[in-house]
Amino acid sequence: MTVRKDGKTWTADFYENGRSGRRIRKKGFATKSAAIRYEQDFFAVKGETGRPLDDRLSDLVKVWYDLHGCTLKDGKQRLARCEALAKRLGNPLAFEFDSLAWARYRQRRLTEVKPETVNHEQRYLSAVFSELIRLGSWHKENPLGKVRQIKTDQVELTFLSLDQVARLLEECKASTNNHTYPVALLCLATGARWEEAESLTRGAVHGGKVHYHRIKNRQSRSVPIPDELERLIFKVGMPGSGRLFMSCRAAFRCAYQRCGFQTPGQMTHILRHTFASHYMMGGGDILTLQRILGHSSITMTMRYAHLSPEHLASAMSLSPLYQIKHFASQVHQ
């Protein structure tokens, strides 16, 4: 135990892991016993959690990013979200944060945002603890591991009709940014996310296909396109081996607003929904759609299954009502 008196107060001064470890100095204790108790509590908490006594939730988030988050494609974005979340939670001491603290935060948060947003926050923070546990940097259980997420109604996906698609493309063609039109065409032809189509390089378009790389889930995919679209891409796209298109998201937003479509919360992503919806309504296969969209799980793609003409069609032919009518018709023949 290393404590010393500095004037009228006491200071705890010790090393975390011997002389080679981090030096801990905490000043301002009124009594010697309080300084000694701090050192005892420090090592007790470290033994229980694997983290220093004074580590706060934001410190865990930083450790998570350094050890794992930096390897994720959206790592910096998730870091920013988790840091903001820790701040809204009051940045508690890590060893004091528990499921009850989260439940109280959730109650307050629901007055500001939708339940799905709170569920997203819970998944992000729970993933931080789970990964630190796997890495051996957190010894306690995940405080959110047993917390159930809020049940929400499935959101009906909005998509554009064929007439609306034609109207939107006319507005894109009239845009002052001449890359807006081909990028919109790519999204509608291949189901691409806007940023995937917008960031295409010249080498990614060849052989009648668009080859998407470095995408959201790191799974590359190739989707065929019409010859006319391939020629247009090379004609309008920027020269050289780099990007074909300049940034045109803002130009698309203006074109979309000129159309006056009422699709709250939808902008560029509605092109992806529109492709998938019309693909299924045209009799497309759900597994093929999964590969086209690049979904890692079929669960995400199943949102479009109900649009298939054959979806649950057997409910009519196999229903007892249908069978009774069918039987009655046989009797009267």
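Every residue, even glycine, has its Cβ placed from backbone N, Cα and C.
What Swiss-Prot says about this protein:
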| type | residues | note |
| --- | --- | --- |
| ACT_SITE | ARG193 | active site |
| ACT_SITE | LYS216 | active site |
| ACT_SITE | HIS269 | active site |
| ACT_SITE | ARG272 | active site |
| ACT_SITE | HIS295 | active site |
| ACT_SITE | TYR304 | active site, O-(3'-phospho-DNA)-tyrosine intermediate |
| DOMAIN | 48-133 | domain 'Core-binding (CB)' |
| DOMAIN | 155-317 | domain 'Tyr recombinase' |
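Projection of Swiss-Prot feature records onto the structure.
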residue: ARG193; record: active site; DSSP class: coil
residue: HIS269; record: active site; DSSP class: helix
residue: HIS295; record: active site; DSSP class: coil
residue: TYR304; record: active site, O-(3'-phospho-DNA)-tyrosine intermediate; DSSP class: helix
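With DSSP classes pooled into helix, strand and coil, the tally for the domain 'Core-binding (CB)' (48-133) is 63 helix, 2 strand, 21 coil. When Cα-Cα distances from ARG272 (active site) are compared across the active-site residues ARG193, HIS295, TYR304, the shortest belongs to ARG193. Each of the active-site residues ARG193, HIS269, ARG272, HIS295 was scored by how many other Cβ atoms lie within 10 Å of its Cβ, and the smallest score goes to HIS269. The Cβ neighbour count for TYR304 (active site, O-(3'-phospho-DNA)-tyrosine intermediate), using a 10 Å radius over every protein chain in view, is 24.
When pLDDT is averaged over the domain 'Tyr recombinase' (155-317), the result is 89.
Ranking the active-site residues ARG193, HIS269, HIS295 by the distance of their Cα atoms from the Cα of TYR304 (active site, O-(3'-phospho-DNA)-tyrosine intermediate) places HIS295 first. If you take the Cα of HIS269 (active site) and the Cα of ARG193 (active site), they are about 6 angstrom apart, rounded to a whole number.
Taking CA atoms as the reference points, HIS295 (active site) and ARG193 (active site) are 12 Å apart.
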